[in-house]
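Q: Quick one: this structure, given as structure tokens, is what I'll be asking you about.
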């Protein structure tokens, strides 16, 4: 245990020492008193929705952020939420009324099984078994009230057969022969329909078995491929929760939506449109957002996202999510407002 913890800490970058503490729920979470990023104005209104990013096997980060949002009453079962891939799982748990403890137990079960028994070709089956056991039987009803939006991706092969159709002159992903269409699924007829949407949103070829997954009569793949961190339709002030530090990459990429060249990583491509703008508005929770510095470098996070890490590292990811969300709460001035509201609620 001590050796694993030492190795985990070796990956971490030095971060500023906290100089203030913010009381959140029953806990006291130390947060760095960093200045607000350039362009951030006075405290904005609390978000009217949240979008949880694809995260691979570092989704414990989302659990940590969820804890803070729940403890500050900034999120609950009626809050509109959206998600892609692992982020869709967290969003679904929130929409079902599950607690962060429930979510952490269920998701850690998936990671530990895959760590012990292997990843390739197994993740989908392990995840399906967990969802069927952990989700309430009326989950599809709880998640069909405009409160859950699941990102899924439909691959489409381009070629001469597209002549005379809107896809005739379409450029595929990175200029190749395959186009990727994204959509959000927001209503679920049955329990199986909801589980199918979540498994489709998480479907990474090879990891989950076949190259694609059948859902509603089409072949699907991971929802994060077309919309890394979707936000609920109709939300005017949604905040994204992202497990990767991507601001530098977004700022450095090419302008435009990339449609003419198939560049899915252009600044306004659906993959991450408006990423840096969200940060300027105070609408991004991430390792490098709200004045933060990532605990772990991007390459190391990428490795952990592909293969389940040790329990020590998984616990550290939960704490990363907590710290980043707590910093965002303080920088945006939400903690004082919510604490006052909670105090009023308990005396009336």
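Glycine is no exception: its Cβ is also placed from the backbone N, Cα and C atoms.
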Q: Pick from 73-77, 78-82, 83-87, 88-92: which range has motif 'GXSXG' per TrEMBL?
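A: Going through 73-77, 78-82, 83-87, 88-92 one by one, TrEMBL gives motif 'GXSXG' for 83-87.
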Q: Check residue 85 (active site, nucleophile) against DSSP and tell me helix, strand or coil, would you?
A: coil
Q: Distance check, please: Cα of residue 85 (active site, nucleophile) against Cα of residue 222 (active site, proton acceptor), rounded to an integer number of angstrom.
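A: Spelling it out, the Cα of residue 85 (active site, nucleophile) and the Cα of residue 222 (active site, proton acceptor) are 6 Å apart.
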Q: Among all the protein chains here, how many other CB atoms are within 10 A of the CB of residue 222 (active site, proton acceptor)?
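A: Other Cβ atoms within 10 Å of residue 222 (active site, proton acceptor): 25.
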Q: At a 10 Å cut-off from the C-beta of residue 85 (active site, nucleophile), count the other C-beta atoms across all protein chains.
A: 30
Q: What average pLDDT does the predicted model assign to the domain 'PNPLA' (50-235)?
A: 94
